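Single-structure report; data block below.
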């Protein structure tokens, strides 16, 4: 909390808050809980379209899939905890977002994990990578929710740090919707799940400041302890309770613990609460009311239930061997009152906890884009360097640790442009997540637009019509004028791109203060998207003899590219997005898929056309012969990361029909046992065996 905020609190209260009140206010006024630096700007994002049932404002967003099925989606970051204790930090990040989905009344059916680390040459970064993945794998596998996609990226700005974002998707029937707020007084507040311990105390205040040099030792107690077995029981018990229709409001005890869950639950509609803190089941002896109220122990839910229904729902919790206790009640008066063993120990106006004033930090525009010379290097050598890049090689080492098929819904597995989950016999849900901090660092506005259009292309590539988005905004300290400016520019880019496609953001997360010892991360907006796809229309893969075509224009756009990264070039101009072209090309590709004219579609993004073609070769173990004549230099055509492009494969007899729908540049043909790419006479020639060995096995070798 800042000094001017403490002064404001004293003025509003007319007195000095006691230690417990101060601790609760610190939690609620933290950046992590209050969004005080971002709230004003988040209003620029579109939040409504014909698919949206519930937009931002609760624990997760809801989209209509059909009349009987709603899709619930949310995204969270667990960056600081994962940097300090990677296993526990990542695992509890999964647990938290799963409970956010659960408390809307939905069954969690899938996870996505966009995760980022420093260069793998360093042992500390390999350690963070290994244990973040292990934390996500162990927790997701044990609760029976498949991790079906995500992205893994390595960047020098993340040295000794990690960005761990987790998205969760749930499915529900409309009649099971439960809100996170109460609409009447007199309800009992019931805590269910794990006992409360001292773990995670000050977790949200720790997440609202930069990490110091000794964070690993000093901040470990702020990281919560994961318990996936209790979470699994909590999922089943909560859903059974929800299906009775007797749960009036439901919140997960996440950041800010009981203080945050209870005050937000009652305060949204202007009610208050009495909390009997001594009734909270404790894991450790001698805990104080302050520790109880702000502990962030995991696997706990807060239910609002009518007094006459408490015993009935209590029996459900007991059936799953979950501890439960009535810890408070909803009152008409807008006050938040805490008792401890019969003694009143805190009393605050509810508004003081839930209505935190916004802060606008100074902004300073930065311009670092400049045209640069591409270093002299042969096409073959450049290809080898890019193809071996940890950002390009397969992340099978990651997703092989995840059970991505539990629940039996996974139609398209990890590693492709989007995962697809079967929702009913006819339709599936496509899900994907993307970010590009290198582009966003060069130009936050165009970089952010680029993230959105890549999400759209990834959904479209499997034949899905995009429905909605969620965003996770990872930034350094907003107190840095350049960072705050880049944050606002990012939101403008995210908004403009989504509006062009008629898409809405239904939920999201802002994570500031991502820096270690004065070293800020690059602007890293991550966007996850969902789309609806007809299962029988999904393109299943190229066949021998198929033609390969490129939809979309390739320009000389190497700024922020993977080629520049491996060559050590940090400047350049980020690729620009033409929203009209993106829309037109997306519509054309959907039509090609709908009419069954193409055998496969792949979005062109990181690594450009060269990488997209080589991925096609390795994914399906097919040879490719490609000969291209272009006005661009071979390196520019091969590795440009221009937006709006798709690789499509199709039988030769469909060529004329394809051309009628989309302007297409023929690149070559599927066949043989070699990958041959010739641009203006300059050649890359590799066996499919060599390509595949590097692609599938390189990360295992690095992590061995």
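The backbone N, Cα and C atoms fix where each Cβ goes, and this holds for glycine too.
The feature active site is assigned by Swiss-Prot to 32. Taken from Swiss-Prot, the feature active site, proton acceptor covers 78, and the record attributes it to sequence analysis. Positions annotated as ATP binding site by Swiss-Prot: 35, 471, 508. The Mg(2+) 1 binding site feature in Swiss-Prot is assigned to 76, 509; the stated evidence is sequence analysis. The feature substrate binding site is assigned by Swiss-Prot to 77, 78, 79, 80, 99, 224, 296, 297, 298, 511. The feature Mg(2+) 2 binding site is assigned by Swiss-Prot to 100, 252, with sequence analysis given as support.
For residue 99 (substrate binding site), the nearest of the recorded positions by C-alpha distance turns out to be 76; the candidates were 32, 35, 76, 508.
Checked against residue 509 (Mg(2+) 1 binding site) by C-alpha proximity, the binding-site residues 35, 79, 252, 471 yield 471 as the nearest. Sequence-distant contacts of residue 35 (ATP binding site), defined as residues of its own chain at least six apart whose C-beta falls under 8 angstroms from its C-beta, comprise 42, 510.
The Cα of residue 100 (Mg(2+) 2 binding site) lies closest to that of 76, out of the recorded positions 76, 78, 298, 471. Within 8 Å of the Cβ centroid of the ATP site, not counting the listed residues 35, 471, 508, the chain contributes 38, 42, 45, 56, 472, 473, 505, 507, 509, 510. Taking only the Cα positions, the spacing between the residue listed as 'active site' and residue 77 (substrate binding site) is 10 angstrom. Each of the binding-site residues 77, 79, 298, 509 was scored by the number of other CB atoms within 10 A of its CB, and the lowest score belongs to 509. Of all the binding-site residues in the list 252, 296, 298, 471, the shortest Cα-Cα distance to residue 76 (Mg(2+) 1 binding site) is found for 471. Across the structure, residue 471 (ATP binding site) and residue 78 (active site, proton acceptor) place their CA atoms 14 angstrom apart. Most Cβ neighbours within 10 Å, among the recorded positions 32, 78, 99: 78 holds that distinction in the structure as shown. Long-range neighbours of residue 508 (ATP binding site) (same chain, six or more residues apart, CB within less than 8 Å of its CB): 42, 45, 56, 75, 470, 471, 472, 473. When the record's substrate-binding residues 77, 78, 79, 80, 99, 224, 296, 297, 298, 511 are compared pairwise by CA position, the greatest distance found is 20 Å. Residues 35, 471, 508 are the ones the record ties to ATP, and the longest Cα gap between any two of them is 14 Å.
In the three-state DSSP scheme, residue 296 (substrate binding site) is classed as coil. Each of the binding-site residues 100, 296 was scored by the number of other CB atoms within 10 Å of its CB, and the largest score is that of 296.
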